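**Q** Below are the structure tokens for one structure; questions will follow.
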Amino acid sequence: MTNEELWNVALGEIELAVSRANFVTWFKDTKIIDQSNGIITVGVPNGFSKEWLENKFHKFILKSLRSNAPEIRAANYSIVAPSANNVKPTKPKFKKEPIFNDAEQLEFREFYIDPKTNLHPKYTLDSFIVGSFNELAHAAAIAVIKNPGRAYNPLFVYGGVGLGKTHLLQAIGNSILKEGPNKKVYYLTSEKFTNELLNSLQNQTIQSFKEKFRDYDLLIVDDVQFFANKTKTQEEFFHTFNTLFESGRQLVFSSDRSPKSIPSIGEINDRLISRMEAGVLVDISEPEYEARLAILKAKSAEKKIDLPESTLELIALMVQKSIRELEGALNTVNIQSKYQNEVLTKEEVRAILSKNLKPRNTITPSQIIKTVAEFYDIPEKSIYEHTRKTEVVRPRQIAMFLLREDLKGSYPYIGQKFGGMDHTTAIHAYEKIHEETKKNTRLEEEIKGIRGKYQNQQR
Ligand code: ADP
Ligand code: MG
């Protein structure tokens, strides 16, 4: 087998085992660039792919390589620039395209929401891109799909606007229905629950309202923060919740904040919140630069958008807050470049984007880590080593805290940035420093000093 054949066979196996979005994101533009003495070197397009293949797919890659070429003992990954024949033409040829291309035809399906479930077919796990910012939420969703009503019940997903909560919740519903078409699945927002309840009270159909809700195998309630301050709705919801929960049905919720931070207004609310907390809580954070770039690439492939890599990089750099904003920016830049029928310059892209964006920080994790190391006068590289020396552990915890506070990094991402530590280490560090800053004014001053230093480095 040639290297190319071997890799194609391996890719074929990998493709079956991972979602399409992940496959496109992580395995596009990869190839075997060397094979000697049983060691395979896989060429990858960037550091992010490299990290993901090493950390997440290595065993799997090695296994499928070996099953086709038993002499292979090891695989490693190396960044290579895309080869010349992969370089895209500089002028997109829009004019020849039919008016309705595939991407636009797909959009028509968006009008199709099944009224029985309120599920939208476009929200699938297959189109859900996973990065460290959302991997815990994704893993929890998979667990729910595999074993509804069992271990992960209720599942509570929280995170800011446009980060993929609705997409993930709907994907859970769609997947469970796909595996069991007779399952009774229902998705709704807390506002819709409130409206349905009020209507049924008005029309004196409360009994059938109750029966309807207590019959679901999976009930998904999106944006439960809107239940706050609505006592009557909360009470009804609480009863629905208990009935379903006690008969082993699966419940999934989302909110823009953790249950603890939903303002409490009385006893029923407290009971509801403690019930929600008793299940599994997972958050989705803001995607880091590499994940943003990967999302832009996957969305471009999905929508058949063909913008140069440098444009995507610029968008990923400038649009930091949410996936919804990233999609919006991608569409805007694409439409503008179609309109001008030429590749936009950096300045043009910047001008389009800055119209809609507030300036955000451009500090990188390594800048923060470097500043912390300098501040405490320890070698920068010691922070990345898995050492337990107190003079290193403390600054490392402070650096982790700052990555979380100032860059809104997810815990798995922070762990990764510190030489591949576990996300629980990052959680522990964050919580420890967070608690201490409340009592320890000296620490507070130190952190202020560190922040002052790296914020000064920004232009
Ligand atoms: P939220 O409910 O948290 O406000 P949404 O689920 O509505 O966010 O996501 C906003 C948009 O971004 C949607 O179009 C969604 O499909 C897309 N999106 C969010 N997360 C992902 C992801 N991980 N992979 C692919 N698309 C995503
Ligand atoms: Mg939503």
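Backbone N, Cα and C atoms are what each Cβ position is placed from, and that goes for glycine too.
As annotated by TrEMBL, region 'Domain I, interacts with DnaA modulators' applies to 1-81. The domain 'AAA+ ATPase' annotation in TrEMBL covers 151-288. Annotation source TrEMBL lists ATP binding site at GLY162, GLY164, LYS165, THR166. The feature region 'Domain IV, binds dsDNA' is assigned by TrEMBL to 338-459. Per TrEMBL, domain 'Chromosomal replication initiator DnaA C-terminal' is recorded for 364-433.
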**Q** With an 8 Å cut-off on Cβ-Cβ distance and a minimum sequence separation of at least 6, pull the same-chain contacts of GLY162 (ATP binding site), or say none.
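**A** Long-range Cβ contacts: LYS321, SER322, ILE323, ARG324, GLU325.
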**Q** How does the region 'Domain I, interacts with DnaA modulators' (1-81) divide up by DSSP, counting helix, then strand, then coil residues?
**A** 45 helix, 18 strand, 18 coil
**Q** Starting from the Cβ of LYS165 (ATP binding site), draw a 10 Å sphere and report how many other Cβ atoms land inside it.
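**A** Result for LYS165 (ATP binding site): 23 other Cβ atoms within 10 Å.
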**Q** Based on a Cβ-to-ligand 2 distance below 6 Å, what subset of the binding-site residues GLY162, GLY164, LYS165 would you report?
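**A** Passing the 6 Å Cβ check against ligand 2: LYS165.
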**Q** Around the recorded ATP site, report the further residues of that chain (criterion: Cβ within 8 Å of the mean position of the Cβ atoms of GLY162, GLY164, LYS165, THR166; site residues excluded), sequence-ordered.
**A** GLY159, VAL161, LEU163, HIS167, LEU168, SER254, ILE284, SER322, ILE323, ARG324
**Q** Go through GLY164, THR166, our binding-site residues, and report the one whose Cβ sees the most other Cβ atoms within 10 Å.
**A** GLY164
**Q** Kindly state the mean pLDDT of the region 'Domain IV, binds dsDNA' (338-459) in the predicted structure.
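**A** Average per-residue pLDDT within the region 'Domain IV, binds dsDNA' (338-459): 87.
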**Q** Using DSSP, how many residues of the region 'Domain IV, binds dsDNA' (338-459) fall into helix, strand and coil, respectively?
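**A** So the region 'Domain IV, binds dsDNA' (338-459) is made up of 89 helix, 0 strand, 33 coil.
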